[in-house]
Amino acid sequence: GSLCTDSVTFCAGAAAWASDDLLKLLESMREKLPQKDVVRYKTAESRLDWDEVAFGHFSGEECKRKWLEVSRQVRRFRTLTELIADVQELATNPHKGKTVKKHPDFPKKPLTAYFRFFKEKRAKYAKLHPEISNLELTKVLSKKYRELSDRKKAKYSEAFHREKEIFEQQLLKFQREEHPDLAEYMKRSEMPQKPKTPQQLWYNHKKKSILKINPEATTKEIKESVGKQWAELSNKKKLKWINKALEQQKVYEEAMREFIQQHPERNLSESNIKKVTLTKAERQLKDKFDGRPDKPPPNGFSLYCTESMVKMTEVPYAERIMMCSQQWKQLKQSERDTYQERCKQAGHCVNCVTWCLSLPSQSLPEEEQQRVLAEVEAEQNASRKRSRPKRDSDSTKRPISAMFIYKEEKRPKLQKQRPDLSESEVAQLLERMWTELPDKKKKKYARLEETLKVELKKAVKGKQASAATPNSKKAKIEGESKKPLLSGYQAFSQELCAGKELDHLSLKERSAEIKGRWQKMPQHEKDRYTAAAEKMQNKNKVKLDKWLKKRKNADKLGGAKAKMKPTQTKVVSCSS
């Protein structure tokens, strides 16, 4: 039921709880909360000891039950401290209503042109059509407004714009003169609008034309229709919207940089500037239009298929692949090698770099050139990583079967005899030869397999023994200096964690709280922590230099003793 009060009780059906009792309950709860209440209200609620909250003749369980009952009357996606404040307000003024009202001095927003028309005509149409519902009446008036001539619509639009100017003046006065403390919460709307993706721009463009044809179309219907049209759009037309999105991005970036300079208190940087997110297909289309070289096929077979399929346009794709596969098998090994060599010579990475650096700056912006070069570098690194051997030369090999030993022995000879066979065909033939091999001959390879298994076990034991030695792990050398703090943020974080202020928070909540405090901190305070971190780094460098010098002298002394040792041994052996 809704909250109601009189001089005796707070809620109907709950005569035991007077208004004063409820306020005492809320005050008792507030006293039991930590000084810094920054966790979700549910978390804080679960941590409360209700027996400590209990007062008068009310038990802890009754207090908890009452709190759960009254807290449902207000929105609960805040901290418990804020929630108690709202319930206190509700207990004192129960007829205020459930919704949290705006500031009483906040200027009233003007009605839009349509709502002015609706307000003016509603009573008249409700009398003419008393049988229709409010929803149907709204639809009728909405249709009537769309059918108005531009001249008649202008009457409502002009009134709206006049009141809008007055509202904006009143809003500035409210923010700057009457309530400057509330202006911080309204600054977010001042930020430049984030750039839209090509598809979002296309959607906004098509939405207007769809609503002109079908004014009653729902948002879902419009999205489905526009989504299908975008998928069927030609590359040339898609490119138009991709370029529009990138142009808007430039305008947005300039506006954001200006905003960051004008609002240093917001602690914003270049990292806060959002980028237009192009899909992989959109990025490839843009690169292709800019003239970026196509990535060559990964192997000879793919290159052969790419060239052959051009002549098979009338054949279905699946059949084309099968035909190419059969034709590839019929090629000589020398012809296959030619295709493979052509793939290697394509040099996609080198071509991209050459293309990128040879372009005039006006045809491809420097930012785009940097992006392409970064992608090429990543591709080259990935290629080098793939080419590295997965195992070290001394790494333990997996067990080898008798059949594998046989196949590896016969493979070179078979490839020499049958150069027309592909790798997979050679493997199939070797498997068949093994199957047909007499058991007597198979025993020879079985013995080799057993020998290799014994050697493998020895290698594994040796590796395990070396791993188990105490000095195998990298231990901290005696006297080595501690790692210094690298930034002011680390120094600030360490200082907060050293105290007990955030001990009641989980690790995730603690990190979020530290980050939030750092962002709100004035720049001069941040500079103080940065200077402290630099001072610690310099101090550590001096210690490290001393330690290295000490280690170097110790190593020299150890080396001199090691050189003397063989000579002493030789003398002893001679005397014996």
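Cβ atoms are placed via backbone N, Cα and C, with glycine included.
Some features that TrEMBL has for this protein:
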DOMAIN    107-175  domain 'HMG box'
DNA_BIND  107-175  DNA-binding region
DOMAIN    192-260  domain 'HMG box'
DNA_BIND  192-260  DNA-binding region
REGION    370-402  region 'Disordered'
DOMAIN    396-464  domain 'HMG box'
DNA_BIND  396-464  DNA-binding region
REGION    553-576  region 'Disordered'
COMPBIAS  566-576  compositional bias 'Polar residues'
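For the DNA-binding region (107-175), DSSP puts the residue distribution at 56 helix, 0 strand, 13 coil. If you average pLDDT over the DNA-binding region (192-260) in this model, you get 85. Residue counts for the domain 'HMG box' (396-464) by DSSP state, with H, G and I taken as helix and E and B as strand, are 56 helix, 0 strand, 13 coil.
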